[in-house]
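Enquirer: Questions regarding the structure given below will be posed in turn.
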Amino acid sequence: MSEMFDVNAAVYPFPPKPVPLDDAQKAFYREKIKILLKQRNAVMVAHYYTDPEIQALAEETGGCVADSLEMARFGSNHPASTLLVAGVRFMGETAKILSPEKRVLMPTLNAECSLDLGCPEEEFNAFCDSHPDRTVVVYANTSAAVKARADWVVTSSIAVELIEHLDSLGEKIIWAPDRHLGSYVQKQTGADMLCWQGACIVHDEFKTQALMRMKALYPNAAILVHPESPQAVVSLADAVGSTSQLIQAAKTLPNSQLIVATDRGIFYKMQQACPDKELFEAPTAGEGATCRSCAHCPWMAMNGLKAIADGLEHGGVLHEIHVDAALRQKALIPLNRMLDFAAELRVQVKGNA
């Protein structure tokens, strides 16, 4: 597995935190959003990593809470003419790729993803051009332009199966953008993978020493880890999986206590799935005082109630997602290729970031 660039140079400025709302303001915006959803013939889809009150509102109004691909598929199958995507920008793009006829709005178009930012189109195209003999596989957490350059789009729930398939055909792989997920898949499959060196700023902060100290405090707890985490952390896990796979593991594991190494936004749905279990956040590198993300994506936190209301009310250049028609067609090819592969395996594809 080859390295691309100095990952330590990939430090992104975080957005300012949303201004906290008091209870009266929250109630006002919740009701306003409900009214606007009806007026705009819109449905709200929210990612597992958004704040609990946002996930609850999506469910209450007939929307869904899911990973980015399932959000996009739900929106595509829903009769609403407008989708309000509470997540980060590539999720809005994915929704638009699958629903070109629908209006796709976001609370803000400035909600980024470090995996997306860490895989810029021009640099990635040049990298692919320098290795023309390799099949290009990109994670769902990428821009429409990067997807359009790929042969396959993949989610974490089906990554191992897909790479095993390609390896069995003798294909050599370019994998992008997450180096930790790429390392995990390479270890599971033994495939020849040339890996882009991006990382999720949330999962990259989990560290083994702090996790082992927490395990010592709760020796009977199971450790659940997303494969975007460093491999040393993954090696400590009782269950490794995508967002939806971790929620399923939380339900099925016999342990009454769970230490969870992923964005803490997942706790809303995970606690619904196993209300009698005790959930603990896995400690991040700085253990509170100096952590950057502190186990919550700062861009996901931009999806506040006021921002959602503004997106529905105003739309326009600050909120509406557009994907060039030609680019959309190119990006749809590797996405559909993955969906067809999954259907052949009778695997339900869920669970990117």
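Cβ atoms here come from the backbone N, Cα and C positions, even for glycine.
If you look up Swiss-Prot, you'll see H47, S68, Y139, A140, N141, S156, H226, P227, E228, T243 marked as iminosuccinate binding site. According to Swiss-Prot, the feature [4Fe-4S] cluster binding site maps to C113, C200, C297.
What's the neighbourhood like for these features in this structure?
Expert: DSSP assigns N141 (iminosuccinate binding site) to coil in the three-state reduction, outside any helix or strand.
DSSP classifies C297 ([4Fe-4S] cluster binding site) as coil under the three-state reduction.
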Enquirer: Would you mind sorting out which of N141, H226, E228 (the binding-site residues) have a C-alpha within 10 A of the one on C113 ([4Fe-4S] cluster binding site)?
Expert: N141
Enquirer: Select the closest residue to C200 ([4Fe-4S] cluster binding site) from the following binding-site residues, measuring between CA atoms: H47, Y139, N141, H226, E228.
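Expert: Spatially nearest to C200 ([4Fe-4S] cluster binding site) by Cα position is E228.
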Enquirer: What are the non-local neighbours of C297 ([4Fe-4S] cluster binding site), defined as same-chain residues 6+ apart in sequence with CB under 8 A from its CB?
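Expert: C297 ([4Fe-4S] cluster binding site) has long-range Cβ partners Y49, V88, C113, I201, V202, D263, G265.
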Enquirer: With every protein chain in view, what's the tally of Cβ atoms within 10 Å of the Cβ of Y139 (iminosuccinate binding site), excluding that atom itself?
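Expert: A count of 29.
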